[in-house]
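This report refers to the structure that appears directly beneath it.
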Amino acid sequence: MVPKLFTSQICVLLLFGLLSVEVSLQVKPQQFSWAQWFSIQHIQTTPLHCTSAMRAINRYQPRCKNQNTFLHTTFANVVNVCGNTNITCPRNASLNNCHHSGVQVPLTYCNLTGPQTISNCVYSSTQANMFYVVACDNRDPRDPPQYPVVPVHLDTTI
């Protein structure tokens, strides 16, 4: 009986650990609105190598981010996608604030390959042209006033 109880307690602790990791991935730095954080993480008009580009994201986190996608387009172009028809978010079916880009854009997918020490994160880069799906919300007072609805989350690429 004791080994089973001990094993189940470990499983519960592991589950809470995994949930806290997942929740921590959703945390943004307080000084940014969700749209500003989206822009930092996902908008890159001129492609850079991932190891360099990811420094701008990792400086706000206590660890190397495992993966990230940069859209090579402008924030204004992504804001325009927010005007497309609402769809259920492919990665979170409980949300209906997603929008399909309708056109492919060049993008870079970054994947952590090297040491996970924050001062020395190393990434591989994969280039592609793909559609994307973003979640959009009403603007925060810190967001540009010309955009009443802004992108806040890159849900998926297709």
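Including glycine, each Cβ sits where the backbone N, Cα and C put it.
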Cysteine from CYS11, CYS50, CYS64 that Swiss-Prot links to CYS121 by a disulfide bond: CYS64
Cysteine of CYS50, CYS82, CYS89 paired with CYS136 via disulfide, per Swiss-Prot: CYS82
Chain-mates of LYS65, ASN66, GLN67, ASN68, THR69 with C-beta within 8 Å of site centroid, substrate: MET54, TYR109, CYS110, ASN111, LEU112
Whole-number Å value for how far CYS98 (disulfide bond) lies from CYS64 (disulfide bond) (Cα to Cα): 27
Spatially closest candidate among CYS82, CYS89, ASN111, the listed recorded positions, to THR69 (substrate binding site) (Cα to Cα): ASN111
Residue, out of the recorded positions TRP34, TYR60, whose Cβ gathers the largest set of other Cβ atoms within 10 Å: TRP34
For GLN67 (substrate binding site), the number of other Cβ atoms found within 10 Å of its own Cβ: 12
